[in-house]
Amino acid sequence: ADGDLLFNVNSDIRFNPRAAEQPEWQNEDHHEEFLPTGETSIDSYPNWLKFHIGINRYELYSRHNPAIEALLQDLVSQKITSVAMKSGGTQLKLIMTFQNYGQALFKPMKQTREQETPPDFFYFSDYERHNAEIAAFHLDRQVEWICIRRKGEILILDFRRVPPVAGRLVNMTREIRDVTRDKKLWRTFFISPANNICFYGECSYYCSTEHALCGKPDQIEGSLAAFLPDLSLAKRKTWRNPWRRSYHKRKKAEWEVDPDYCEEVKQTPPYDSGTRILDIMDMTVFDFLMGNMDRHHYETFEKFGNETFIIHLDNGRGFGKYSHDELSILVPLNQCCRIRKSTYLRLQLLAKEEYKLSLLMKESLLKDKIAPILYQPHLEAMDRRLRIVLKAVSDCIEKDGYDNVVENDFNTDVDTVTTER
């Protein structure tokens, strides 16, 4: 239905690169144009635009959208035409614009794959890791080829709530310094004693000569996350996560001291109706598998109201520790004892030896240009954490009963069983 699409696109309008600079679309002839290949105008759209017009009430992209693989390729191959620092946030991030007018958020490499978050670091001063952004994208969608056969029907179980992310080696001289008009960024470039090109930009944490990002001699690794549609075209609502941490060295959040906190949340809109509390549980499992403690807010598309999915943005503080499982991340699930049936079935499947989460993740991540993305102990930690999640659900079922814990989100009125998100 049109109301389920983020954009209602007139496919007669051909993408005009000049109009993209404004940005608006033009079609002077008001009839469907055909390209020399015989394709319609919509086929002329760049992949970032195809991604945008595919966003709907239930997911950021459909399971078999060919534009996503093409967009991932664009992120690593398109010529970078301009670079600017992203305002806000605690750490340096760059907005990169490509020759086809697409944009992506670049997070540079700050830690090697083997390094763990120092034990004395608070979660709010942890580094943001480029490889965590890449791994989160694959975790969010990586079970797309797994299916469960039941009475001849196929159920495919995945989220698709993280915008496409790819790793890229960037030439700091040619692709950042020489194309930026951001004088504040340009001024921070220097040559290190080891004769490497370095820069540090401006931000609240880790933007100093001592924390400079240095190339070898001028190549740097980073993640590129495709931009969502501009806020002027598709407004997003920012919500405070009910299980947000205190972001204070000594204070605790209410949920950390009140075991019945979930009951209070469930009486507060939008958690008192619809699927939002189940969305939070999905996000909780996602974050626990990654070890991400930094989920202070989340976003949804305003057009869809409360009946829509949570966008899993900003995952850079995941995969910081493989030797420690942060059980406090799982508190929402332990307190609420609710989970979607589709999520529960998927987790049970990923715990089986033939569909082992770590092996599927490793295989999926090998597709990225800067693989390997995760250090092996991080992959093994995910299997361990998956068992902890399943034990938590099992304990809930034992306490409250299966039907009170596992929400049946399958629509059985159609020939193929699909999940209602």
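The backbone N, Cα and C atoms fix where each Cβ goes, and this holds for glycine too.
As recorded in TrEMBL, the features of this protein are as follows:
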type	residues	note
BINDING	Gln91, Lys107, Glu128, Ala225, Ala226, Phe227, Leu228, Glu299, Asp314	ATP binding site
BINDING	Glu128, Asp314	Mn(2+) binding site
DOMAIN	189-406	domain 'FAM20 C-terminal'
ACT_SITE	Asp294	active site
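Across the residues annotated as binding ATP (Gln91, Lys107, Glu128, Ala225, Ala226, Phe227, Leu228, Glu299, Asp314), the widest Cα-Cα separation comes to 20 Å.
When Cβ neighbours within 10 Å are tallied across all protein chains shown, the highest count among the recorded positions Asp294, Asp314 belongs to Asp314.
Under a cutoff of 8 A between CB atoms, and with a sequence separation of 6+ in the same chain, the neighbours of Gln91 (ATP binding site) are Lys110, Tyr127, Glu128, Cys203, Ser204, Tyr205, Tyr206, Cys207, Gly316.
Across the domain 'FAM20 C-terminal' (189-406), the model assigns an average pLDDT of 96. You'll find the Cα of Ala226 (ATP binding site) roughly 21 Å from the Cα of Asp294 (active site).
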